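The structure appears right after this line, and notes come after that.
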Amino acid sequence: MRKSPGLSDYLWAWILLLSTLTGRSYGQPSLQDELKDNTTVFTRILDRLLDGYDNRLRPGLGERVTEVKTDIFVTSFGPVSDHDMEYTIDVFFRQSWKDERLKFKGPMTVLRLNNLMASKIWTPDTFFHNGKKSVAHNMTMPNKLLRITEDGTLLYTMRLTVRAECPMHLEDFPMDAHACPLKFGSYAYTRAEVVYEWTREPARSVVVAEDGSRLNQYDLLGQTVDSGIVQSSTGEYVVMTTHFHLKRKIGYFVIQTYLPCIMTVILSQVSFWLNRESVPARTVFGVTTVLTMTTLSISARNSLPKVAYATAMDWFIAVCYAFVFSALIEFATVNYFTKRGYAWDGKSVVPEKPKKVKDPLIKKNNTYAPTATSYTPNLARGDPGLATIAKSATIEPKEVKPETKPPEPKKTFNSVSKIDRLSRIAFPLLFGIFNLVYWATYLNREPQLKAPTPHQ
């Protein structure tokens, strides 16, 4: 006969079930436990990496050359100073190299760290050769990023603002183009110890953000990269170079300088259409335009460095100044011939009237009597005595030849000079030809995108 299960059997069954469920719950760690375990593992990895690590020694010392791969992301380019020949650039500067001492094994493949870890390991001593002032951003914390992969490859990124030199050749100003370089390399390590390479192909090694241009007077045409070797007294060093190609915008200078110069030259030629007797008006035109050109030439040079050669704008202003000054000289020449009374270069409108010649007097017996004029005495008729006296007193006139004087040159009034007529055609024609040649020469020049490579 089978025995029915008792109370003790049910109790044992419940105890077994609870123990099974409890064992499963203990076998699955909570999220807090997982985070605690990851932090512990992370700390142990970092401690193990820095254990015995000497950041004074470069990777591969005595075995191989340390290769540093670089690339640049430009967040802001500009402004550019023509007077100081420099430019300002804001970049994310990335460097990557391999350090076998920092290999690790763990649940993660990449260690994402900040600037605190960067100060405890070896980093390249990169500096900018043509930098006047470089600033590493530290607000609110130093803007530095460090990544370490499990094979010991490091990525080190910094945000920098660099003010660098930009040598400019201003012969074609303001239709000029420039290649502003950014040169960097190792300060202490020669190419036998540290070499630099671009991370990607040249077209992608330096990238400028689409909204990164901060230029008012230039267009950023593009950038090119290069590398070379620089020889110094301490050895040969690898230098990485990036050229930013700029083309100046001419609109500002057309409004500020070129149009005023052209209008001033045209204004000086208005005097050719005034009568040459209008001395005050033509004098005002000449003197005013000369002074205006002098002011324009001085103001055009204020924004440029004091270079020892003439720029394209200087040549334009000089030619305009020559036209204005020539117009003043032309008026002086016309006025000179007008005052001398020469009629060879004008039309005589009012002929000169002949002068009356007075009768000459002949002195006779201490008295003066006209020689060519006889007077009929008004004598009373029928008085023979008076008639005899009058007859004896009459003086026989002598024939006197009139004096002949050389004809004086005719003076002209309200006339037009032949010099003015010629100037009305010659001056505008020559000025138009000059502008055609000037603008065709400078505007058709293509900017040189290839900059000189560093000395090797």
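Note that Cβ sites are derived from N, Cα and C of the backbone, with glycine treated the same way.
Cβ neighbours of ARG94 (4-aminobutanoate binding site) (same chain, under 8 Å, six or more residues apart in sequence): THR70, ASP71, ILE72, PHE73, LEU155, TYR156, THR157, THR199. Per Swiss-Prot, the feature 4-aminobutanoate binding site maps to ARG94, THR157; the stated evidence is similarity to another entry.
Taken from Swiss-Prot, the feature signal peptide covers 1-27.
Residues or ranges marked as topological domain 'Cytoplasmic' by Swiss-Prot on the basis of a curator's inference: 275-279 (among others).
For the topological domain 'Cytoplasmic' (334-421), the predicted model reports an average pLDDT of 55. The annotation topological domain 'Cytoplasmic' is assigned in Swiss-Prot to 334-421 (among others).
Nonlocal intrachain contacts for the transmembrane segment (254-274), taken as residues 6+ away from its ends with a CB within less than 8 angstroms of a stretch CB, comprise 281-282, 285-286, 289, 292-293, 296, 299-300, 313, 316-317, 320, 323-324, 327-328, 330-331, 420, 423-424, 427-428, 431, 435. Among the features that Swiss-Prot reports, transmembrane segment is placed at 254-274 (among others), with the record citing similarity to another entry.
Annotation comment: Swiss-Prot describes 280-301 (among others) as transmembrane segment.
Here Swiss-Prot flags 312-333 (among others) as transmembrane segment, drawing on similarity to another entry.
The transmembrane segment annotation in Swiss-Prot covers 422-441 (among others).
With helix defined as DSSP H, G or I and strand as E or B, the topological domain 'Cytoplasmic' (275-279) counts 1 helix, 0 strand, 4 coil. Cβ neighbour count for THR157 (4-aminobutanoate binding site) (all protein chains, 10 Å cutoff from its Cβ): 17.
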